[in-house]
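Student: Feature list, courtesy of Swiss-Prot:
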type: ACT_SITE; residues: Cys160; note: active site, nucleophile
type: BINDING; residues: Arg22, Arg180, Ser181, Cys182, Asp183, Asn191, His221, Ile222, Tyr223; note: dUMP binding site
type: BINDING; residues: Asp183, Ser282; note: (6R)-5,10-methylene-5,6,7,8-tetrahydrofolate binding site
Amino acid sequence: MRQYLDLCQRIVNEGCWIENKRTGKRCLTVINADLTYDVANNRFPIITTRKSYWKAAIAEFLGYIRGYDNAADFRKLGAKTWDANANENQVWLNNPHRKGTDDMGRVYGVQGRAWRKPNGETVDQLRKIVNNLSRGIDDRGEILTFLNPGEFDLGCLRPCMYNHTFSLLGDTLYLTSYQRSCDVPLGLNFNQIQVFTFLALMAQITGKKAGQAYHKIVNAHIYEDQLELMRDVQLKREPFPSPKLEINPDIKTLEDLETWVTMDDFNVVGYQCHEPIKYPFSV
């Protein structure tokens, strides 16, 4: 929690104003942020200086694991995070590749589970990683990437957190996640939860011990219409201790994650937080 607040304070103190053409807003921006999450000791990195809707964050990433490409499927899991980008992004609404209401196109999990090869076949990146790690194999290329520049025009949004690299040291599994762009007041807590939970789940289904998760952000920013709430409200609050994440131990395979797992299989224990803060969201 403290490293999150330190990053927020750094942006407020040192950030540079940059105009964002996609949203038409200015962003207070810093370059390069490194965060570390202690998955081994289950120090769940959830925001406590405002209420965090952690179930939606996990639901969204579960949708990526399943390769979903439709906002309606994410809503069924408990995440409304794709409603706006699928249905209110004017560039995407005008895109001839859009298939209709709630269609997201070839983004995130679609790339992770069905990356297109030149011959028309697809690559299931996640399946390969799970298979290798389950056998104790780390080929130094256990990489899940959502970034496919050749298909940017086939999706409603380029991936922000775009790369997840797994590493094995003995029987301990580590994760390094890379993010090109981060809306810190709104998006970062989702991303923190997702990085932490992804490592915890992958360790569980491959029979490994979870180590540390490393989260590397290139462009970390606060939008101009978020700044006052961050500076004058959230940063004035004292954080509470980190809670713990409980995951149903019956989740043992990738197939489990693909089929029957719901948000009822996750629980956060000991979560204390301040009142919610409604930050503006930029499409």
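Glycine is treated like the rest: Cβ placed from N, Cα and C.
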Student: Might you list, by sequence position, any residue in that chain lying six or more from the residue listed as 'active site, nucleophile' with a Cβ less than 8 Å away from its Cβ?
Tutor: Gln179, Arg180, Ser181, Cys182, Gly187, Asn191
Student: Using the residues the record lists for dUMP (Arg22, Arg180, Ser181, Cys182, Asp183, Asn191, His221, Ile222, Tyr223), what whole-number Å value is the largest Cα to Cα distance?
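Tutor: Taking every pair among Arg22, Arg180, Ser181, Cys182, Asp183, Asn191, His221, Ile222, Tyr223, the longest Cα gap is 21 Å.
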Student: Among Arg22, His221, the binding-site residues in question, whose Cβ has the most other Cβ atoms within 10 Å in this structure?
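Tutor: When each Cβ's neighbours within 10 Å are tallied, His221 leads.
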Student: Near Asp183 (dUMP binding site), which residues of its own chain have a C-beta under 8 A away, given they sit six or more steps off in sequence?
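Tutor: Result: His221, Ile222, Tyr223, Gln226, Ser282.
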Student: Near the Cβ of Tyr223 (dUMP binding site), how many other Cβ atoms are there if near means within 10 Å?
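Tutor: By my count, 22.
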